[in-house]
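Feature annotations, courtesy of Swiss-Prot:
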| type | residues | note |
| --- | --- | --- |
| CARBOHYD | 492 | N-linked glycosylation site |
| MOD_RES | 1 | N-acetylmethionine |
| TRANSMEM | 84-104 | transmembrane segment |
| TRANSMEM | 151-171 | transmembrane segment |
| TRANSMEM | 203-223 | transmembrane segment |
| TRANSMEM | 228-248 | transmembrane segment |
| TRANSMEM | 270-290 | transmembrane segment |
| TRANSMEM | 306-326 | transmembrane segment |
| TRANSMEM | 354-374 | transmembrane segment |
| TRANSMEM | 411-431 | transmembrane segment |
| TRANSMEM | 444-464 | transmembrane segment |
């Protein structure tokens, strides 16, 4: 992906907070109508417009869509292909990608319809679900419409904090490999004792690296305004783009004979594929905020189709080529398969880790701004800032605890994807369309289509959760990504790698 010009990129990054804000403030929407907003309401076939001073451009929207969908999930897709098969995997990725994009379009269409029906200028995800329940023909749902908003907010918080836990595991595993690769290339002065030599080379537990990142991440999330992260965010985007280019050239240049790869993997592993794939495609949370902020919102479907087409091609190509290159040795992140004795490929892990480190603060923004205002609302002004920093530190510690409990990158990605991403991306949007249009625009084919999509999401949710939990409790492998996955630190060990 070609990097945008610095001036326009600056505009993109400075708008990050404004783009994310509708995701935060929607639960405080008072439901009152505005006369000026009411006068600007137009038929459903048309779209509202923002002036050039406040809206974001088509290119900025496209960049934000790419940023919202490209992360650690992309690097975990080669292992997902292994869990599905070299033929079934790519086909399933196309299928899940098409359904995910369709659900994004569903959400935008329902938001437009409900905006006009309830005379609102814009609606976010939570309010779209709430007003869809209010517009439904069933009185029991109408009375519980407020619960729709709370359910979406809950899954948004769980999803974003889950992303943050994934990032901590990713950072720890990649930095661990770089550190051990550096130690492995450094001559060691030995007294001739094999035991001493073994102790020098013994690996540090993955959780120690997680602990080292904790204060750095806490300091990062103390930056309350995303626009203040512009320079870091811009450098992070460049770093991740450069890393992907290097990864592509490696897998293409080192491609073995692709024969003898399983066309279809065992069915017990397919739920792990589903969780990882849905995790990767779960960018639905940024769709309505972006559409609401776009200057020419009538062009948003075009931006969505172009952006997600790029994302899907990127996903399928890297997933397939990565699995064909590393075969059964593929790990939870393809970066962990790159050579440890060449600094070009070690730099990929450093660069991508830097990008993920900065992205942590962006993903953390949503749950922090949903939780913190409700907790600090009744506090005295002088205590609010202290309490806010305490809550931010606590939330970061919670994400680290989640990473410690599930220190396997592949499993934590599949678990978050199955539990929360499938709910937001596949289950809720088709149900929202049924609730929104069943009263005035009843269509049996629309009902059947949406029930099928929601059923797929529910099955993936149940099977994916079951298989990942089973894998957590009864792991099939004792060593993942080259690190011991024992449930606790070996505090009795007397041999710890130096240089940490």
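Cβ coordinates come from backbone N, Cα and C, glycine included.
Here the structure is a predicted model, which means the values were calculated and not measured.
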Leading contact stretch, 151-171, 203-223, 228-248, 354-374, 411-431 vs the transmembrane segment (270-290) - CB distance under 8 Å: 411-431
Recorded stretches the transmembrane segment (203-223) and the transmembrane segment (354-374) touching, at least 3 CB pairs under 8 Å: yes
Other parts of the chain folded back onto the transmembrane segment (151-171), taken as Cβ under 8 Å at six or more residues beyond its ends: 23, 27, 71-72, 75, 125-126, 129, 206, 209-210, 213, 217, 279, 282, 285, 333, 353, 356-357, 359-360, 363-364, 366-367, 370-371, 395-396, 398-400, 402-403, 406-409, 412-413, 415-416, 419-421, 423-424, 428
Feature contact check the transmembrane segment (354-374) with the transmembrane segment (411-431), CB under 8 Å, 3 or more pairs: no
Cβ-based contact of the transmembrane segment (354-374) with the transmembrane segment (84-104), 3 or more pairs under 8 Å: no
